[in-house]
Amino acid sequence: MADAPTRATTSRVDSDLDAQSPAADLVRVYLNGIGKTALLNAAGEVELAKRIEAGLYAEHLLETRKRLGENRKRDLAAVVRDGEAARRHLLEANLRLVVSLAKRYTGRGMPLLDLIQEGNLGLIRAMEKFDYTKGFKFSTYATWWIRQAITRGMADQSRTIRLPVHLVEQVNKLARIKREMHQHLGREATDEELAAESGIPIDKINDLLEHSRDPVSLDMPVGSEEEAPLGDFIEDAEAMSAENAVIAELLHTDIRSVLATLDEREHQVIRLRFGLDDGQPRTLDQIGKLFGLSRERVRQIERDVMSKLRHGERADRLRSYAS
């Protein structure tokens, strides 16, 4: 189950790399390693997520309950270890997803292995935020976080373009460590913590951080088709939360899938009626003119479709978004 996708991914990566280059060799070694873990279905993801949750709760009990017996401690420690094993399994089963997404950003000045490393940080963040009770497939949920991590890594690198060569490596190293520590600590690391982790003298930390804040164009195109500017991926205080952004993207995907089960005319009427393509809803009269139908016939089609969407498998697929 794992070998075939890995061979396909390796083949696609080979087509983008010089077959004799050291980078190609490193990528092949990496892909061969991650291909040993089988891909997961939705049920497998949920089972692992439950074990991870149980491990975290057991760890919390060990840290906060002072009067636990030795047998209870041993049992909880076993649950913690099982949760950690489940976490590794979920991570390793999705590393190929990171490679697949990272490959779309090659050719923009950042080596593929660096893109993969940034994407792996996004995968770890997705694991921390994932809530299996909402019914989303983890790999679908993680895609948003992986893409965000990669585009942020690209932005960090672009800030260093005008720096002297001898500073670029240190700035990139510090930026990566800063992100890793933020994910581990759940807050921004202090200058002292950054210095201890990076081995860079504390009096140099501030200088490097200032260099890393050099401006970058928010109009820089990113994405597999260069369809969106970098600014679309940068968080701001007024933007919707990351969680809501993920849910909105998943909802949009599920709506498209549900509408695809309708016949062609029903599909087109609903897309136009609610402005799903361009955000501009059409009136019954406008849709009627497009299809050569009366206003009342368009209304009847809309009513029939909405009735279909309220019942059966279609409704089940969309109901979780209403909670």
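All positions are counted from 1 along the displayed chain.
Note: Cβ is positioned from N, Cα and C throughout, glycine not excepted.
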Of the ranges 114-117, 126-129, 242-245, which one does Swiss-Prot list as motif 'Polymerase core binding'?
114-117
The region 'Sigma-70 factor domain-2' (90-160): mean pLDDT?
85
The motif 'Polymerase core binding' (114-117): DSSP-derived helix, strand, coil residue counts
4 helix, 0 strand, 0 coil
According to DSSP, how is the DNA-binding region (284-303) divided among helix, strand and coil residues?
17 helix, 0 strand, 3 coil
